[in-house]
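Enquirer: What TrEMBL records for this protein is below:
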DOMAIN    40-212  domain 'Hydroxymethylglutaryl-coenzyme A synthase N-terminal'
ACT_SITE  Glu122  active site, proton donor/acceptor
ACT_SITE  Cys156  active site, acyl-thioester intermediate
DOMAIN    215-383  domain 'Hydroxymethylglutaryl-coenzyme A synthase C-terminal'
BINDING   Ser248, Lys296, Lys300  CoA binding site
ACT_SITE  His291  active site, proton donor/acceptor
DOMAIN    394-423  domain 'Hydroxymethylglutaryl-coenzyme A synthase C-terminal'
REGION    428-457  region 'Disordered'
Amino acid sequence: MAIGWVSEDVGTGSSPLTLVNARTAKTMPSFKTTEVRDRWPEDVGVLAMELYFPFLYVDQTELEVFDGVSTGKYTIGLGQARMGFCSDREDTHSLCLTVTSRLLERTGVGLDRIGRLEVGTETLLDKSKSVKTVLMQLFEESGNTDIEGVDTTNACYGGTAALFNAAAWVESSAWDGRYALVVAADIAAYAIGPARPTGGAGAVAMLVGPNAALILEQGVRASHMCHVYDFYKPDLHTEYPRVDGKLSVECYSRALDKCYAGFCRKARVAYAKERGDRPVTLEDLDAMLFHAPYGKLVQKSLARLVLNDFLRDPAQHPALAAFGSLKLEDTIHDREVERAFMQLSRKTFQQKTEPSLLVSNQVGNMYTPSLYSCLASYIARVCASAPCPPAVPYSPVGSLDELFPGTWYLTQVDEMHRRSYKRLPLLDTNGRAPRAPFKEDAATNGQPVGASESEAH
């Protein structure tokens with residue numbers, strides 16, 4: 001399944017865009033150093049991902065009351081329900097330690113199997129010492145100090161740059177057969193004012209290597225970088241950024257336009273054999289995921305991609321013919337155009353983008369991990385629920401503790417796709433299996449019905 005993966009950087013005019021293949025997750029592969037030079041690594045991408053956000057949050061409806069603004073200004077105008085925040089018990093270092101520990105524990109990857117560790121963050125606690133060195137304490141007992149990588153800082157783009165660097169390392173002659181680990185974490189906090197409700201906090205860790213579940217496609221990535229002062233942090237005595245809100249949205253939109261155009265151009269060439277020479281549009285993508293400072297900006301950005309498609313072929317929507325002669329660069333602050341294409345894109349947004357905003361809506365802007373919280377949300381809400389028959393033979397791994405007493409459950413699917421089931425015992429109000437009526441016949445062989453675990457095929 002192809003997933004359009006858009007990453008915006010609201011702060012430096014940088015916006016990479018690439019294409020990802022989502023496939024059924026496979027068993028974690030193992031590589032030996034001696035195997036590295038025998039073959040070029042294939043299907044490099046994300047093998048596993050862990051997302052973390054703080055326990056504390058502010059309800060945006062209550063923040064509207066506290067700030068004395070109109071009802072719905074944050075919940076409807078920004079599209080945000082809650083905003084996560086950290087107490088003084090958590091900082092960038094602790095967020096990274098938590099999410100990295102969880103990923104390593106859940107995947108069971110040996111600490112000696114990590115050969116590169118790179119951190120993307122803009123929430124700096126030290127002007128010299130990297131967050132990566134703080135994470136190295138997790139590797140002390142293993143004795144593994146041979147780990148490449150360091151921090152990458154460039155506003156919200158640092159996490160994506162770290163991911164690209166990790167993938168490039170695996171694909172390079174420097175790769176020694178081990179995994180790369182990418183960590184992105186930030187605490188987004190703003191001074192009192194209109195930007196404050198767009199804060200948030202969180203972290204993501206991703207394991208990168210060959211034979212991945214999420215493959216980074218080659219040859220279709222597009223980037224846009226320029227010099228601009230829309231979002232920056234020149235005062236090292238405060239965590240609050242300097243923000244020009246209008247300019248920041250303009251930078252986001254221009255970067256989006258440039259990257260989408262570049263992606264469509266490259267993808268048209270890359271997939272010419274499979275799809276012919278027809279133009280690439282949003283119809284070719286299963287989903288569009290964005291860096292999400294706030295939900296409404298994401299919705300407007302999807303509408304802008306629809307506008308991009310429209311201006312390349314206005315005849316597809318005769319009712320909007322009046323907009324057909326517009327220049328893309330003149331439409332950024334045009335409210336009439338925005339309303340028209342938000343309406344036109346509503347169904348596409350609901351199907352291909354809105355499922356990715358689950359975490360963002362509840363936690364807020366995470367800066368560098370923001371895009372990846374959207375990726376995790378999309379996978380959890382769409383990909384994970386899609387029917388996908390497992391390879392056989394197959395043994396289910398779900399916990400029996402998540403089932404009601406008396407539930408029949410799948411135990412095994414054999415190599416012939418034959419399914420076997422068992423039943424959990426029934427429990428009484430005291431948590432004990434109730435005594436069933438004694439019924440001695442051939443079917444029960446003299447045993448109380450329901451007194452023991454049942455089995456069926």
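Each Cβ is built from the backbone N, Cα and C atoms, and glycine gets one as well.
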Enquirer: Going by DSSP, how much of the domain 'Hydroxymethylglutaryl-coenzyme A synthase C-terminal' (394-423) is helix, how much is strand and how much is coil, in residues?
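Expert: Across the domain 'Hydroxymethylglutaryl-coenzyme A synthase C-terminal' (394-423), the residues distribute as 3 helix, 12 strand, 15 coil.
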Enquirer: DSSP three-state call for His291 (active site, proton donor/acceptor): helix, strand or coil?
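Expert: DSSP assigns His291 (active site, proton donor/acceptor) to coil.
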Enquirer: To the nearest whole angstrom, what is the C-alpha distance linking Cys156 (active site, acyl-thioester intermediate) and Glu122 (active site, proton donor/acceptor)?
Expert: 7
Enquirer: What is the separation, in Å, between the Cα atoms of His291 (active site, proton donor/acceptor) and Lys300 (CoA binding site)?
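Expert: Between the alpha carbons of His291 (active site, proton donor/acceptor) and Lys300 (CoA binding site) there are 12 Å.
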Enquirer: Could you round the CA separation between Lys296 (CoA binding site) and Glu122 (active site, proton donor/acceptor) to a whole angstrom and send it over?
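Expert: On Cα coordinates alone, these residues lie 23 Å apart.
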Enquirer: Given the recorded positions His291, Lys296, which one has the fewest other C-beta atoms within 10 angstroms of its C-beta?
Expert: Lys296
Enquirer: Where Glu122 (active site, proton donor/acceptor) and Lys300 (CoA binding site) are concerned, what is their Cα separation in Å, rounded?
Expert: 25
Enquirer: Counting across all protein chains present, how many other Cβ atoms fall within 10 Å of the Cβ of Cys156 (active site, acyl-thioester intermediate)?
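Expert: Other Cβ atoms found within 10 Å: 29.
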Enquirer: Is Cys156 (active site, acyl-thioester intermediate) helix, strand or coil when read with DSSP?
Expert: strand
Enquirer: Starting from the Cβ centroid of Ser248, Lys296, Lys300, which together make up the recorded CoA site, report each further residue of the same chain whose Cβ lies within 8 Å of that point, ordered by sequence.
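Expert: Apart from the listed residues, the neighbours are Val249, Tyr252, Pro293, Tyr294, Leu297, Val298, Ser301.
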Enquirer: In Å, how large is the greatest distance between any two Cα atoms among Ser248, Lys296, Lys300, the listed binders of CoA?
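Expert: So the maximum pairwise Cα distance among the CoA binders is 14 Å.
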Enquirer: Return one of helix, strand or coil for Lys300 (CoA binding site), based on DSSP.
Expert: helix
Enquirer: Taking the Cβ of Lys300 (CoA binding site) as reference, which residues of that chain separated by at least 6 in sequence fall under 8 Å from it?
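Expert: In sequence order, Glu338, Met342 meet the Cβ cut-off.
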Enquirer: Hey, which of the recorded positions Glu122, Ser248 is the loneliest by Cβ count within 10 Å?
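Expert: It is Ser248 that, of the recorded positions Glu122, Ser248, has the fewest other Cβ atoms within 10 Å.
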Enquirer: According to DSSP, which kind of secondary structure is Ser248 (CoA binding site) found in, if we only use helix, strand and coil?
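Expert: Ser248 (CoA binding site) sits in a helix per DSSP.
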Enquirer: Pop the mean pLDDT for the domain 'Hydroxymethylglutaryl-coenzyme A synthase C-terminal' (394-423) in here, whole number is fine.
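Expert: Across the domain 'Hydroxymethylglutaryl-coenzyme A synthase C-terminal' (394-423), the average pLDDT comes out at 89.
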